[in-house]
């Protein structure tokens, strides 16, 4: 749909994951199951951390925020994605698309820095255990988490603000299942030079700073672990980091793979690879932190016992 003078688009059409009709219903059920697991898993982890006082530590404070981000992040596009599998017209208004773009980028960038905060937390816990409570005080943890959300807000505002200055003419079909930067830039009928510079700067910062901080943190962590003489102590130190390393690898690995596919011009492969980044990651994070974490498993066991006792009486 175009405005009266035909100079700008007022709604977009999302091409979706695939245009093959026979796959629409199976994919609907697949992504519905993924979304349900994501919501139940992340909301369950948020509730578990909130209700168990012994989980009120810096590590679980950041995990609480990570689950909150994943829950919101997946809810930004999953309901619309599911609707598009079963509806004939996969349209989204211009305002709705820009809102989705802003929220999507806000939570993605925030997750980058929340994972970075968790890496710093593990660094302090393993390399400076005696100063851990002082260094990672509630005030410091709050400041770090607000900084993560602040970076998310700044990055998403920069990208969305630059997107709002573009004019979209006749082409309004977004070759994706959500409103993302690169598919939208392909539709612009005005110069995207400023947007490309902003993408280069903002994405560069949001990849370099977290990656460098995480890398340095784990170099010090690894060096410290290798200096631990007891096998039990070394094993315990490794186990406290393994879940976080898996979450980082999943998030940054899938994101890098997705954008490499886009940059090589393969939009179809980019869409498919983005599923791991946008859908699978938020679903697996609660599973990773639950199955590989003794404290979470113990808290879950205690909560279930309490619930069963209340149910009896």
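The backbone N, Cα and C atoms fix where each Cβ goes, glycine too.
For the ranges 60-78, 79-97, the feature annotated in TrEMBL as transmembrane segment maps to 60-78.
Looking at the stretches 27-48, 159-180, the one that TrEMBL records under the feature transmembrane segment is 27-48. With pairs at least 6 apart in sequence, the transmembrane segment (237-260) and the transmembrane segment (140-158) have fewer than 3 Cβ pairs within the 8 Å limit; the two do not touch. A contact between the transmembrane segment (237-260) and the transmembrane segment (27-48) is absent, since fewer than 3 of their C-beta pairs, 6 or more residues apart, lie under 8 Å. In summary, the transmembrane segment (27-48) does not lie against the transmembrane segment (197-225): fewer than three C-beta pairs, each 6 or more positions apart in sequence, are under 8 Å. Model confidence over the domain 'G-protein coupled receptors family 1 profile' (41-289) is summarised by a mean pLDDT of 88. Counting residues 6+ beyond its ends, the transmembrane segment (197-225) has Cβ neighbours under 8 Å at 109, 112-113, 115-116, 119-120, 122-123, 126-127, 151, 155, 158-159, 162, 181, 234, 237-238, 241, 245, 248, 252 in the same chain.
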